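Under the heading active site, TrEMBL lists ASP532. As annotated by TrEMBL, N-acyl-D-mannosamine binding site applies to ARG492, THR504, ASP532, GLU581, HIS584, GLU603. Under the heading Zn(2+) binding site, TrEMBL lists HIS584, CYS594, CYS596, CYS601. Among the features that TrEMBL reports, domain 'UDP-N-acetylglucosamine 2-epimerase' is placed at 53-390.
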Amino acid sequence: EVYFKNLSKQKQKEVMEKNGNNHKLRVCVATCNRADYSKLAPIMFGIKAEPQFFELDVVVLGSHLIDDYGNTYRMIEQDDFDIHTRLHTIVRGEDEAAMVESVGLALVKLPDVLNRLKPDIMIVHGDRFDALALATSAALMNIRILHIEGGEVSGTIDDSIRHAITKLAHYHVCCTRSAEQHLIAMCEDHDRILLAGCPSYDKLLSAKNKDYMSIISMWLGEDVKTRDYIVALQHPVTTDIKHSIKMFELTLDALISFNKRTLVLFPNVDAGSKEMVRVMRKKGIEHHPNFRAVKHVPFDQFIQLVAHAGCMIGNSSCGVREVGAFGTPVINLGTRQTGRETGENVLHVRDADTQDKILHALQLQFGKQYPCSKIYGDGNAVPRILKFLKSIDLKEPLQKKFCFPPVKDNISQDIDHILETQSALAVDLGGTNLRVAIVSMKGEIVKKYTQLNPKTYEDRLALILKMCVEAASEAVNVNCRILGVGISTGGRVNPREGIVLHSTKLIQEWSSVDLRTPISDALHLPVWVDNDGNCAALAERKFGHGKGIENFVTLITGTGIGGGIVHQHELIHGSSFCAAELGHIVVSLDGPECLCGSQGCIEAYASGIALQREAKKLHDDDLLLVEGMSMKEEEIVSAAHLIQAAKLGNTKAESILRTAGTALGLGVVNILHTVNPSLVILSGVLANHYVNAVKDVINRQALSSVKTVDVVVSNLADPALLGAASLVLDYTTRRIY
């Protein structure tokens, strides 16, 4: 407030001379709830600090005046503002009809207030149904409207209300460049749009260094430390109330399981809030030792609480907007904020259909510290807004003009922009070769590089970096924008940390290897790492037979046997990242020895290495070659020779392949009886040779309820590279868990 009192006297004089009179701009600020007041209060302080330019009238309505929501009008009085009018406009019921009736009640009461105050301009914030009533009343009574935070995009009915207010408003203050462009695209006059930033950031960016421990102790208890508690704020989604209540229930279950001290704020007054409060009480949140449930926290104190929290969870716009100023981790649940611009501190959980998904998100985010984000403001919004208000010429016609874009026959565009393709760098670490490819969003391999896989860790990592740098440079020439790097490798992988835990014997010196850090540091790109079997399943989910399938299994039949399991559209990793090691399902107690050290694994029967072993035995006994076959003296016996011999009528080769197919089929039957997928996809060079044998075993051995499963051969040319690419393409354009 002191800052605004000391604004330049010279500027004030110039504006007065320009106006040619001493008329003060009479500004009516109408606030409906605790959230919009946090944005309007800095503007109100600025207006109040310049009485020579402005007269301020404050109108309070909506949930400010309801005891169940904290009687938050008191904080306006505590800020030393005179409330000129209080309007009780909320019809209780907290359902869709009550929202409509509340808008109608406000429309009935507001004309009398506006006739009495006769403001030159009304400031309306955001996208609440109360704000729609304010804007409608002012527009119909020929009062100029300044709309704060127009042009933004989010979920629920709020989007429609926000854009409706935009069309009623005469002037617009937006927070981001993107919002400004949206307003222009909506045909609003560019001269009446101010890109100022969010007014609340003027306070946020100077708040973190203030005393905060007493605030934390007051709301959460004296034993709570910074970064060791959670702030939860979740509202109903009016376009899907039933689902939002279910998600709130799952959120509370996850928070109870996570076992950290949590401050839970009551939801807003939207339809569905009553049901959400019932859920809180049903679960005993108000009496649970780990929870503090409150109706309202003053904004100054709320800032300190979220600034020093270990995590914020919910679907409030505060999480995706204000909290970014502190780098506090945020878990944004559901669709209420879909479309909002967010910093890297926000992890989106769009469809939380299980408690475990939310719990996993808490484990990923809690306690982290992200870079501070200034997407929504730089701390200088209010001076810009005051200057904008002073520039308003009340002599200008009140009627709005819309700036429709001209329609041209030929629209010129930059050819590079048209052709630029969002792409990924995909890396496949095989037992023999190391491959890097540029893969487009549609699954097209734009360019591929292949080298022999070095035998040592140092040489291998150096080659990966070299090939990735070359591919990233080449991507510019082929108009591809690289979004990240995906790596498919053999062995057991921790995908959360990007670490190869244990490798197969085919890749030497490849255990406890951090792949993410050196590659990310070198390329300045995000890096994802996963097991080759899981990558094959991801490739099928995004580009192949698994697209749109809820539950399916992919089996890779190549040098080894691997695979991935997708259950309820999600890849299963397991508690120690060892899920879907399908090649090591045991189908015989006294079968051949496997490379894993066990006996009777599928891989010991049906892998390329197993077939090569059997082919060598036949060749050593002169039982491999039949009429029509020949081998050079130095030629190495391989699985291909065994397959060729079987096709030419070699009965022993046929028997080996039949046994291999049966072993694979038995493994598939075990999978069907365990996870019950609706689809089995065979991938790799041996898939076509095994598909019929697998189907026969299923018909003979499986339970009748799973015999209807579809067994198909993958139609993907390169599932390992496509799977590595899908790691990137699924997660980089938006952080979605």
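Keep in mind that glycine also has a Cβ here, set from the backbone N, Cα and C atoms.
Remember, TrEMBL labels are computer predictions, not curated facts.
Using GLU603 (N-acyl-D-mannosamine binding site) as the reference Cα, a 10 A cut-off selects CYS594, CYS596 from the recorded positions ASP532, CYS594, CYS596. Its Cβ taken as reference, CYS594 (Zn(2+) binding site) is surrounded by 22 other Cβ atoms within 10 Å in the chains shown.
With a cut-off of 8 Å between CB atoms and residues at least 6 apart in sequence, the same chain places GLY431, GLY490, GLY491, GLY560, LEU595 near THR504 (N-acyl-D-mannosamine binding site), listed in sequence order. When the alpha carbons of ASP532 (active site) and CYS594 (Zn(2+) binding site) are compared, the span between them is 19 angstrom. Of all the Cβ atoms in the protein chains shown, 20 others lie within 10 Å of the Cβ of ARG492 (N-acyl-D-mannosamine binding site). Here the CA atom of CYS601 (Zn(2+) binding site) lies 5 Å from the CA atom of HIS584 (N-acyl-D-mannosamine binding site). A count of other CB atoms within 10 A of each Cβ picks out CYS601 as the most crowded of the binding-site residues CYS596, CYS601.
Neighbour counts were taken as the number of other C-beta atoms within 10 angstroms of each residue's C-beta; across the recorded positions ASP532, GLU581, the minimum falls on GLU581. Here the Cα atom of CYS594 (Zn(2+) binding site) is found 13 Å from that of GLU581 (N-acyl-D-mannosamine binding site). Summarising the N-acyl-D-mannosamine site geometry, the residues cited as binding it (ARG492, THR504, ASP532, GLU581, HIS584, GLU603) extend over a maximum Cα to Cα distance of 16 Å. Neighbour density for HIS584 (N-acyl-D-mannosamine binding site): within 10 A of its CB lie 20 other CB atoms from the protein chains shown.
Sequence-ordered, the extra residues of this chain that approach the Zn(2+) site, with Cβ no more than 8 Å from the Cβ center of HIS584, CYS594, CYS596, CYS601, are GLY583, VAL586, LEU595, GLY597, SER598, ILE602, GLU603, ALA604. Confidence over the domain 'UDP-N-acetylglucosamine 2-epimerase' (53-390), given as mean pLDDT on the 0 to 100 scale, stands at 91.
Around the Cβ of GLU603 (N-acyl-D-mannosamine binding site), the number of neighbouring Cβ atoms within 10 Å comes to 28.
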